[in-house]
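Undergrad: Below you'll find the structure I mean.
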Amino acid sequence: MLAKPAAQFTLEEAQAEVEKLRKQLNQWRLEYYTKDAPTVTDNVYDDHYRDLQALEEAYPKLVTPDSPTQEVGDVINSDFAKVQHPIPMLSMGDVFSFEELSEWDARMQSNVGHPVDYNVELKIDGLALSLIYENGKLVQGSTRGDGNVGEDVTRNVLTIASVPKQLKQPLSLEVRGECYMPKAAFAKLNARQETEGGTPFANPRNAAAGSLRQLDAKVTAARELDTFIYTLIEPEQFNVTTQHEAIAFMQALGFTTNPSSEVAGDMQAIDTYIKKYTTDRDALPYGIDGIVLKVNDLALQAQLGNTVKVPRWEIAYKFPPEEAETVIHDIVWTVGRTGVVTPTAVMDPVQLAGTTVARATLHNADMIRDKDIRIGDTVMLHKAGDIIPEVSRVLVAKRPADTPPAPIPEVCPSCGQKLVHLDDEVALRCINPMCPAQVQEQLTHFASRNAMNIDGLGPKIVAQLQAKHLVKDVADLYHLTAADLAKLDKFKEKSINNLLSAINNSRQNSVERLIFGLGIRHVGGKAARILAEHFGDLDHLMTASQEAIADVPNIGPTIGEAIVTYFKAATVQKLITQLREADVNLRYTGPTKPVVKDSFVAGKTVVITGKFAEFSRPALTKQLEGLGAKVTGSVSKKTDILIAGDAAGSKLAKAQSLNVPIMNETELLANLKD
């Protein structure tokens, strides 16, 4: 909040504050729109945004075209082809109280000279999506981007079950809506992220954005995205005259529309709608962060038009964050499998958004410092994305005068080794590979179903094995005897035999399970399989260069660096030797793709860009891989052929600069026929 009303700032003070706010907001916009990794909640962003608006209104000469108040979305910065929106995808104005909403309605009625009917809709917490159909067939899906230029995500959109690939009528049209991740899918994804050593997503909106913008469509397909469609572009060509009719029309074509929209003719009906969904939002299977009012009459919408940034005929009412007050009694630091040390607040139990909350993640030391969170503080909690408990703010007025700052550990709470920051990481990390807490997590992960699949070796058994000094790393599992297991609590002959059998059977697993089970940073189950199939055995992977690993399709430099760093460690090399001596299989024994030696792309690295008349991108990728090609997502000096369709974008320019051979669709068809 501003230190004083905007009108009381001098011009010099206002200019300094405006520059400060713009810098902060632009950083947060970059994190939200481009990186899909916000570091502040929506309400914190909104508060700063409104401060900037107030100062610009008080001093119009300070308004510039590049101010966050004048722009939609963020600068496009990705490997996706660019899409020009013929009709801009604008943002929405918003209000934060029913009083402000009523004032907006009063201005609307005054402007048009008569009462106005609104179509009232839920504000889905996702990201805006445009879908274009030609003769009933989906030809393009794109993100909002900066409002004028978005990203072509057609290949990923094709994996979303609720998006019709063929309409029920052969119409050519554009619709827009929201791509979101259901709450259940979000919970499943974050559980998988943690299992695979990845970073959990902050909320479903960012999970949806990150999933839709994957270079590998198979990743998108696995993440269970969904859509609600709510805008019909150029509705007059279909004789649709109201927003409510447009939703029914789109539903009849096969689109998924939200069933909760309704027409309201007065603010009392709108107030009832708001109260209903303020109460019911937790029970919905998807996240909402407000409601939207749209002038129902489409001709009146056209008459009202738009500002440079927002339509004049719609407004979003954003729910205030549901909060609960509690007291922090402790901050507990725990060590994860990859060594990240994470703080958790232990609090008085409190009811929040339908559940009892007694713990909340504090994410990292920087958050504790930035929010000045202390043990004994009274704090307000909210649920990020209606799911993850977080501390909104500290009620400093209730803090006892002698409360010291929360201590930030300098050494690992498990092993006592000094904690470090790696690269540009915010997280504190223990890099001791023998850290007991990490070893326990690593052993549990190693035995998990998607890794070595050692049935019966869960966290409680692992903890007992450690406590009795029977295992110190995963190789020790293969030297356990019946006599060792007999020392465990409540472990009888049947349990002993079953666990020994499961351990013995795991020796024969194909090596991708071992690679995943080792818990290498950034290496999930899919990456492990790709690497195992590509290199054939663990020895070739261990001796491969970072560049050779990075060039494997769908792997890249981050995983390449992580693998080389991991296998350089003397402790890891010793561990692999021990696994080899324990007769653990180190070769890939899974299915392999047939290699076609006489095709024009056999053994070559191919990049596909642009749109094609005869192919969808997924179908073309599959066909080329069947001919022996390695299809990758980005152009480099290792690329052998760029296959370029229409609207090829930056990949074409990069290929030209690197003198990479370029093949158009006509040439491609000719080669496929040969």
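Yeah, the Cβs are placed from backbone N, Cα and C, and that goes for glycine too.
OK, Swiss-Prot features for this one:
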type	residues	note
BINDING	Asp42, Asn43, Val44, Tyr45, Asp46, Ser91, Met92, Glu121, Arg144, Glu178, Lys294, Lys318	NAD(+) binding site
ACT_SITE	Lys123	active site, N6-AMP-lysine intermediate
BINDING	Cys412, Cys415, Cys430, Cys435	Zn(2+) binding site
DOMAIN	596-674	domain 'BRCT'
Undergrad: May I ask which of the recorded positions Val44, Met92, Lys123, Arg144 is closest to Cys435 (Zn(2+) binding site) if we compare their C-alpha atoms?
TA: Val44
Undergrad: Measuring CB to CB from Lys294 (NAD(+) binding site), give everything in the same chain under 8 Å that is also at least six residues away in sequence.
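TA: When sequence neighbours closer than 6 are ignored, Lys294 (NAD(+) binding site) has Tyr118, Asn119, Val120, Glu121, Gln243, Gln301, Trp313, Glu314 within Cβ distance under 8 Å.
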Undergrad: Which is it, of Val44, Met92, Cys415, Cys435: the one of these binding-site residues whose Cβ has the most other Cβ atoms within 10 Å?
TA: Cys435
Undergrad: What is the number of other Cβ atoms found within 10 Å of the Cβ of Arg144 (NAD(+) binding site)?
TA: 24
Undergrad: Long-range neighbours only, meaning 6 or more apart in sequence with Cβ under 8 Å: which ones does Lys123 (active site, N6-AMP-lysine intermediate) have?
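TA: Residues satisfying the criterion: Ile288, Asp289, Gly290, Ile291, Val292, Ala316, Tyr317, Lys318.
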Undergrad: Between C-alpha atoms, which of these binding-site residues comes nearest to Cys415 (Zn(2+) binding site): Val44, Asp46, Met92?
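TA: Checking each of Val44, Asp46, Met92 against Cys415 (Zn(2+) binding site), the shortest Cα distance is to Val44.
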Undergrad: Work out, from DSSP, the number of helix, strand and coil residues along the domain 'BRCT' (596-674).
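TA: Going through the domain 'BRCT' (596-674) residue by residue, I get 27 helix, 16 strand, 36 coil.
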Undergrad: Cα of Cys412 (Zn(2+) binding site) to Cα of Val44 (NAD(+) binding site): how many Å, rounded?
TA: 32
Undergrad: Please identify, from the binding-site residues Asp46, Cys412, Cys430, the residue with the sparsest Cβ neighbourhood, meaning fewest other Cβ atoms within 10 angstroms.
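TA: Counting other Cβ atoms within 10 Å of each of the binding-site residues Asp46, Cys412, Cys430, the minimum falls on Asp46.
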Undergrad: Whole-number Å distance between the CA of Met92 (NAD(+) binding site) and the CA of Cys430 (Zn(2+) binding site)?
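TA: One finds 45 Å between the Cα atoms of these residues.
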Undergrad: I need the neighbours of the Zn(2+) site defined by Cys412, Cys415, Cys430, Cys435. Which other residues of that chain put their C-beta within 8 angstroms of the C-beta centroid, in sequence order?
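TA: What remains near the Cβ centre is Val335, Gly339, Val411, Pro413, Ser414, Gly416, Gln417, Leu419, Asn432, Pro436, Ala437, Gln438.
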Undergrad: I need the CA-to-CA distance for Val44 (NAD(+) binding site) versus Cys430 (Zn(2+) binding site), whole Å please.
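TA: Val44 (NAD(+) binding site) and Cys430 (Zn(2+) binding site) have their Cα atoms 32 Å apart.
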Undergrad: Pop the Cα-Cα gap between Cys430 (Zn(2+) binding site) and Arg144 (NAD(+) binding site) into the table, whole Å please.
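TA: That comes out at 40 Å between the alpha carbons.
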